[in-house]
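Report on the following structure.
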Amino acid sequence: MAEPILQSNSLNSCQENSLFSASLFKVVFTPNNKTANVDIVAVSSVQGNVTFDVEVSAYGFPIIKQKVSPCDMGLAGLCPMTAGKIPLNFNLPVTGDALEQVPGIAYNFPDLDATVKVVFTMTDGPEAGNAVACVEADISNGKTVDLLGVKWATAIVAGLALTSSAIMSGLGHYNAASHVAANALSLFGYFQAQAMLGLTGVPLPPVVMSWTQDFQWSMGIIRLEFMQDIFTWYQRATGGTPATIFDSLTTVSVQVEKRSLDFIEAGMSLAKRSVAMMPRSIAEPLGQAMKRDLMRRANIETSSGSYIVYGIQRVAFRAGIESTNVFMTCVAFFCLMVIFVSLAVAAFKGACEMAVKNKMMDSDKFLDFRNGWLTVLKGILFRLTLIGFPSMAIMCLWEFTQNDSAALMVLAVFFLIGMTTTLCWAAFKVIMIARRSIVMHNNPAYILFSDPQALNKWGFLYVQFRASAYYFILPYLGYLGLKAMFIAFAQHSGTVQAVGFLIIEAGALIAASVLRPWMDKSTNSFNIAICAINFVNSIFLMIFTEVFNQPRLVTGVVGVVLWIANASFALVLLLMLIVTTVIVIFRDNPDGRYTYMADDRTSFMKSQTHLTTTTELDALAATARGGKEGFNKGMDLDDDAESITSDSLRRQTERLGVPSAHSNQSFGAHSNNSFGAHSNQSFGAQSNYNNQGYGNRPQSPANPSMPFFPADGPRSPPRYQDNGSMRAPSPFDGSPPYRNQNNSPGPGAFRQQNNASPSPWQRGAGYD
């Protein structure tokens, strides 16, 4: 591995109607022993003496130009050349003069973009002086940026960040958890965007192909030998025909396309001569069938027997996966991820209960998680669905164009419709909850962040955004869906994909910069930077299509620039996420590291930092009721029916005697009844609250049936009586009540009568 080498594994045609091609071509040059081993199986239609015009170029820049005569070199079978199949296996000595022309960097620079081009020129016969064939071979030095260590490092950092955010949330530090989770998800999305570049049908420079291959794990393209055997068997058992490219590598070559050629026409031109020799009645239907097959399959088999792969099949070939197994590989790893995470959550629940039972952990640790772990698990599964949606959308749509077997088509329909419907339904629920919160409280954050059921189940869709941008998940899903369709349906047209990516990424960058929908300034900057680098990558992708007819040197240099820019950017993002996660884990008060957000969500969240007193009182009340605090028991198959946003809970609130915004017993300027500890409709210790079967449901200290702001009369900005602050009082922070324009208590002011003692909520939670 340490020995310097230059090698090539495929011979590509660079001229239409080329009379020389090779189904197998392997050349390895070792400068230490000054020899090149050549193993080739060629198909030649050339008859007579020829000379070889050899040109070696690196990144499009010519390095060596030399004319070679096979007769002078004593190459048997090439002097003179004869028509037919020519198998050759020999060692070619390389002189010192040729060695000196190869720069030392050629042996060490990763993913070398070098090419040897050979033009066959006739020296006798009627075609003397004409070029009858042209072939070129891509040269590699064995060094690459497609490294297993990079894949493991990026996967571990992203996974640990998501895990730490879940732990922080379980400990009650919701503010810190939401920041870490938002950055981790954004970083994971950036990794998937890098992988999508490699999945396009655009011809990519070698260093770009290798760099994007580092992130294909995020799309589920991971090779395990025993799984590939199972997928091949499954496809055969369901009526499909598995690809066998890897079984034939010893006899044929596979060309990983990196040049801007018309692949379909190139493949057809190589077979044109053999089809033309057939009768017309047979040739025309056969030609149409070949064209349809080439359009359907992204790996093209040439007339010489070699293959050309590009797009998704290029990624599969570099990963060591048969092209017909890519879809099942992604499906299997998505399902394994869901199963593994579900088992891990269940195991953590059991471990926590065991630790509390054996007094190895305080009883209030992970209390919300332990009491409502099924709801938390639902939210985690929803989040996994969102993470896996880009990969599954691309692969399911692409499978529709491949039709590998009937069973795989059914799976593609099932996963695509199931995941799309699930995410759209979740987004619809979030929008409905937010709109109800606006109607009831003039603030979307009120219910979105005060209801633990909604936060734990649907929060994956909106916690990373500010409360007023709760809808932004729909544009994000549309963004992912559009990219998936361009990748899946335009594999044979890299230019269409590049134009589509350019428009989509430009729109994403403009929307992110103008709307700035994320939760705070740092998170907005983090995501806008990712959108900016994705837009730059789409410009580079357009350059790779060579629609501008730029020199090949420009294409090679742009490829290196893309690698260096994205590698540096990814390193900065990884370091930022690592530092943030470590600080949050080892800090006594993780929530204190972040400033309060403008949407005031921390006032509504049941945060361990800000609601210590409330937590203690809730635990005391739960003990008095003889039940668990925080979440419902049972399977909780549809906890939406028990959310504070539901009609059923509002009806139960009315049965308890809690006045609504439209009742005669309201809280505002026209209120005629007070709610002290000993009143008939009391929220205090003497109320009949526990007698209504209400004890085990998740409770927010805020009354769900009351508007957050006064509903009567024109609204004016509320002010504190003592300091004149413009900030609306939180239902949790113990602030003094505000008054409306009529100088009567607002909706949060419980007036005490008959010298009644304050209720526990007044004393503890500060909800006046």
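Count begins at 1; order follows the chain as displayed.
The backbone N, Cα and C atoms fix where each Cβ goes, glycine too.
So that you can see what the record holds, here are the features copied from TrEMBL:
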{"type": "DOMAIN", "residues": "4-146", "note": "domain 'ML-like'"}
{"type": "TRANSMEM", "residues": "326-351", "note": "transmembrane segment"}
{"type": "TRANSMEM", "residues": "380-400", "note": "transmembrane segment"}
{"type": "TRANSMEM", "residues": "406-428", "note": "transmembrane segment"}
{"type": "TRANSMEM", "residues": "469-490", "note": "transmembrane segment"}
{"type": "TRANSMEM", "residues": "496-515", "note": "transmembrane segment"}
{"type": "TRANSMEM", "residues": "527-548", "note": "transmembrane segment"}
{"type": "TRANSMEM", "residues": "560-586", "note": "transmembrane segment"}
{"type": "REGION", "residues": "654-768", "note": "region 'Disordered'"}
{"type": "COMPBIAS", "residues": "661-703", "note": "compositional bias 'Polar residues'"}
{"type": "COMPBIAS", "residues": "738-760", "note": "compositional bias 'Polar residues'"}
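Taking residue pairs at least 6 apart in sequence, the transmembrane segment (380-400) and the transmembrane segment (469-490) share three or more C-beta contacts under 8 angstroms. The DSSP breakdown of the domain 'ML-like' (4-146), given as helix, strand and coil counts, is 13 helix, 75 strand, 55 coil. Sequence-distant neighbours of the transmembrane segment (380-400) (same chain, 6+ residues past either end, Cβ-Cβ under 8 Å): 166, 185, 188-189, 192, 196, 199, 218-220, 312, 326-327, 330-331, 334, 337-338, 341-342, 345, 408-409, 411-413, 415-416, 419-420, 422-423, 426, 457-458, 460-461, 477, 480-481, 483-485, 487-489, 491. Ranked by the number of CB pairs under 8 Å to the transmembrane segment (326-351), the listed stretches 406-428, 527-548, 560-586 are led by 406-428. Confidence annotation: the domain 'ML-like' (4-146) carries a mean pLDDT of 84 in the model. Beyond its flanks by at least six residues, the transmembrane segment (560-586) meets 59, 145, 153-154, 157-158, 160-161, 164, 168, 173, 176, 179-180, 183-184, 187, 190-191, 194, 205, 207-208, 211, 526, 529-530, 533, 536-537, 540, 593 of its own chain at Cβ-Cβ distances under 8 Å. Below 8 angstroms of C-beta separation, residues 234-235, 238-240, 327-328, 331, 334, 382, 385-386, 388-389, 392-393, 395-397, 399-400, 458, 460-461, 473-474, 477, 481 of the same chain, each at least six residues beyond the ends of the transmembrane segment (406-428), sit close to that stretch.
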